[in-house]
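Below is one structure; the comments refer to it alone.
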Amino acid sequence: MVMEAILVVLPASFYSLLHLLTFLALYSAGTAVCLKDRSSPDYSSSYLVLLKGFPVVHYDGTLPDFEVPPRRPDGRADIQSEAAQLYASFLVNRHNSIINQAFGEGAHIRKKLYSYHYLLNGFAALLTLEEVAMLRKSSPEVVSIEEDQRMQKFTTYTPKYMGLPGGAWAENGGVDHAGEGIVIGLVDTGINPSHPSFSDKRSQPYAFPRHFSGTCEVADDFPAGSCNNKLVGARHFAAALMASGNFNASEDSASPLDGDGHGTHTASTAAGNSGVPVIVDGMDFGLASGIAPRAHISIYKSMFRNVGGYFSDTVAAMDQAVQDGVDILSLSIGPSTPPGGVATFFSAMEMAALSAVKAGVFVVQAAGNAGPNPGSIASFSPWIFTVGAGFHNRSYHNSIILAGHGHHSSVTIKGVGLSPGTKSSKFYELILASDAIKKPIQGTFYEANSTHGSMINACQNPASIDRMAVQERILICRYTQEFVNGKASLRAVMSTAEQLNASGVVVVVDDDTADFDLGPFPSTVPMILIESLEESLMLMSYYKHGNRNSMVPEGRIMGGLSATFNKRSPQVAYYSSRGPDLANKRRAVAEVMKPNAMAPGDMIWAAWSPIGNDDDDFKGANFALASGTSMAAPHVAGIAALVKQKNPSMSPAAIGSALTTTASTVDETGFPLLAQQPSYNVSLPLGPASPFDFGGGEVNPTAAIDPGLVFDADFEDYVGFLCSIQGGEMEVMKSTRMDSCLRAEGSQLNQPSITVADLRTPRLVRRWVTPVAENDEKYVVTVQQPEGVLVTVAPAEFEASGTASDSCKGGRKRHARTGSRCRHTVTSEKWRVRPGSIELLISLTPVSSSSHPSFGSILLSGSRGHSVRMPLSVVYRTAGPG
């Protein structure tokens with residue numbers, strides 16, 4: 001019988017708002033890999049099944065036989081307590097019972113893949129379509145069935161670039177203490193445990209985090225001792241992948257070992273040790289450090305090289321990570337398409353993340369690499385911090401000087417490279433790979449447009465090239481489609497040059513590959529990559545002209561090992577997925593700002609797995625240069641660890657607020673940030689960036705650890721947001737058995753931003769800020785008006801009492817509008833407010849009509865130097881008559 005992974009879901013208990021989690025899988029339409037005709041009666045897939053009753057993180061003592069688990073100092077359920085263990089065992093046994101009742105005694109042994117009991121109350125099981133119907137019929141607790149969705153990856157210097165040594169690191173006791181005691185969990189492709197970035201053998205020993213209870217798997221390729229006091233946990237989750245038939249035992253490791261490289265890279269970016277030498281092929285590229293170098297790492301492998309992963313494996317990894325006690329959860333992975341159903345927010349992964357936030361875990365996710373088109377975002381919910389990718393100001397430029405002939409002077413062509421220059425100052429003859437083919441090939445089976453001919457042009461086949469024609473010359477190779485589809489690599493180019501004794505290599509692009517960002521490649525052979533089609537054609541014209549006129553074409557490659565620094569940075573990377581956020585698969589705009597912020601994601605040096613195949617150019621290496629929002633997300637995970645270390649009582653929403661409102665919207669020259677192919681006009685190579693490109697801006701670690709004010713929210717606030725979704729209120733009521741579901745505009749959720757999908761009439765938006773600074777501070781409000789919208793804020797100024805002030809005690813804070821004390825909580829019919837907050841009333845009125853988005857911001861400037869910036873986005877607006 002052909003097996004494949006799908007997802008089955010049931011509801012949680014119906015006694016309160018918390019039961020919303022029970023229908024989480026009902027609304028996420030997945031995409032499975034078809035191994036057989038779906039009409040076949042023995043076609044089997046995995047399903048996620050949730051049962052009536054709370055998962056551990058939400059359990060409130062409803063059942064008389066089970067006590068509420070005690071809480072740890074951080075507020076989470078103590079999973080190690082007897083009460084939690086008894087309740088978790090009850091849930092697992094219940095899962096088994098439902099399967100056995102439907103399919104016979106012992107069926108759970110062959111059908112169940114996972115039991116979810118901490119974030120979600122449910123299980124993943126292998127079922128045919130007929131069995132799905134049987135399960136629904138036999139158990140009234142089954143609410144929904146969701147087919148598993150495929151997951152994909154969103155594939156040293158940045159700590160200094162982000163000002164950490166003298167800023168956030170210094171605020172947390174210096175590099176030797178930055179991130180100490182915080183555990184960052186990463187759901188990814190595994191880890192290379194022997195890498196020095198994860199060693200605990202440091203001059204200052206690591207202490208094992210007392211609040212963490214995770215384990216370290218042992219396997220033949222992941223032996224005992226792989227974990228330590230730095231790498232504190234490592235597990236793998238592959239049940240759905242194996243059931244799908246896509247797991248290849250000869251390629252994929254059934255252990256936490258990273259056979260890809262991606263997971264090792266993201267882990268070291270977030271929390272790799274400081275001062276680790278970056279040496280590739282004998283070349284020294286300086287010292288690497290994670291953003292939170294003293295934080296601990298726990299790895300949850302649910303992604304595998306060549307095949308990716310599945311929702312059900314990823315949800316199991318997330319469930320385990322929060323059970324184990326991670327403080328930050330980093331996801332450089334996401335769905336290949338937006339979830340279906342009523343709204344994107346109800347997918348299994350998004351809702352599992354909501355439970356993680358309920359447990360006090362900050363969840364960060366990569367935005368995706370589907371930019372620059374609007375609405376290409378792959379992370380949707382307001383409780384997840386979504387990160388876009390930016391270019392930082394380090395690059396590796398190189399050049400080749402073409403020798404002058406006759407009356408023509410020499411010409412310099414620019415490119416990129418990470419290699420030494422050609423020896424001495426002499427010029428070397430140029431030779432095109434296709435002009436150096438061995439005699440037996442010429443005139444026979446060689447055709448330039450054939451696959452074989454293309455591989456020769458790409459310098460991938462040294463056996464077909466005449467060594468005598470190439471040695472002591474600079475070899476010209478073409479960047480063909482074979483590089484794009486993974487059949488060719490720059491490492492093979494370097495190997496070809498070495499075998500043929502070439503003095504250097506030039507790689508040129510053509511019409512088909514001119515739009516690709518080649519990026520530098522560390523090469524022991526002098527090498528330059530010419531990314532510009534214009535300059536590639538210039539070099540080829542020079543080469544052909546010299547041959548036609550009996551003038552030897554010669555060149556000299558300059559060294560490219562030293563970094564150069566571009567002051568117009570950061571810039572939003574062209575591939576970074578863009579907003580607006582999508583509310584559903586029909587591409588309706590959600591009133592949630594996405595991405596939340598951006599971080600460096602391009603050409604990031606970080607640790608690698610020598611057996612990794614994510615990038616053939618770094619096979620066998622311990623470090624790699626990689627780009628993508630996958631690289632940006634762990635930067636934010638590390639910064640969040642620093643914020644939490646400095647402010648241990650901050651909620652996940654408050655941490656997200658601190659990161660968003662303190663982010664920078666200007667580059668290093670003080671001018672507004674630019675985006676490559678900005679979302680409002682992707683035909684522009686470079687233009688002004690907007691919140692749909694960068695969210696709040698590029699994260700500022702030093703400012704984020706001391707934000708002054710935060711926009712806070714919790715689980716109940718997010719449930720209120722879900723009630724506001726068009727078409728979702730009935731589903732919330734059905735799953736929770738509530739008599740009503742208070743419906744309001746999604747823009748009223750207390751986010752550190754305002755997004756209005758369709759502004760037709762004046763709208764009043766409420767926000768509440770909570771002071772987190774030590775001292776009293778007076779704030780003045782200024783507004784950058786969005787085009788075509790009039791925005792007013794009341795009050796125009798207010799005083800926020802500091803946390804050290806006596807006036808803050810007992811809830812006696814100053815109310816923003818009245819100035820009186822002892823009136824602190826502002827009530828609303830539809831949105832709950834905590835004591836300690838200051839209300840802001842924000843009015844938005846359309847004054848002109850447009851179908852194009854407009855952007856602005858509200859700035860709260862504090863008398864003690866705090867600056868809190870809230871982005872504004874209005875997608876569509878219609879002005880009234882007159």
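The backbone N, Cα and C atoms fix where each Cβ goes, and this holds for glycine too.
Note that TrEMBL annotation is computational and uncurated.
Some features that TrEMBL has for this protein:
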type     : residues : note
ACT_SITE : Asp188   : active site, charge relay system
ACT_SITE : His262   : active site, charge relay system
ACT_SITE : Ser630   : active site, charge relay system
COMPBIAS : 810-821  : compositional bias 'Basic residues'
DOMAIN   : 87-152   : domain 'Inhibitor I9'
DOMAIN   : 179-668  : domain 'Peptidase S8/S53'
DOMAIN   : 748-801  : domain 'Subtilisin-like protease fibronectin type-III'
REGION   : 251-271  : region 'Disordered'
REGION   : 802-821  : region 'Disordered'
Original post:
So what's near the region 'Disordered' (251-271) in sequence-distant terms, Cβ-Cβ under 8 Å and 6+ beyond its ends?
Top reply: 153, 155, 158, 179, 184, 186, 188-193, 195, 197-198, 216-217, 219-222, 226, 234-236, 238, 241-242, 288, 290-297, 299, 301, 303-307, 328, 330, 332, 604, 606-609, 611-615, 618, 624, 626, 630-631, 633-635, 637-638, 641
**OP:** Please work out the helix, strand and coil residue numbers for the domain 'Inhibitor I9' (87-152) from the DSSP assignment.
**Re:** 32 helix, 19 strand, 15 coil
Subject >> Cβ neighbour count within 10 Å of His262 (active site, charge relay system) >> reply: 29
Original post:
Per DSSP, how many helix, strand and coil residues does the region 'Disordered' (251-271) have?
Top reply: 10 helix, 1 strand, 10 coil
Original post:
DSSP says what for the domain 'Subtilisin-like protease fibronectin type-III' (748-801): how many helix, strand, coil residues?
Top reply: 1 helix, 33 strand, 20 coil
Original post:
Using DSSP, would you call Ser630 (active site, charge relay system) helix, strand or coil?
Top reply: helix
**OP:** For Ser630 (active site, charge relay system), list the number of other Cβ atoms lying within 10 Å of its Cβ atom.
**Re:** 32
**OP:** Pop the mean pLDDT for the domain 'Inhibitor I9' (87-152) in here, whole number is fine.
**Re:** 87
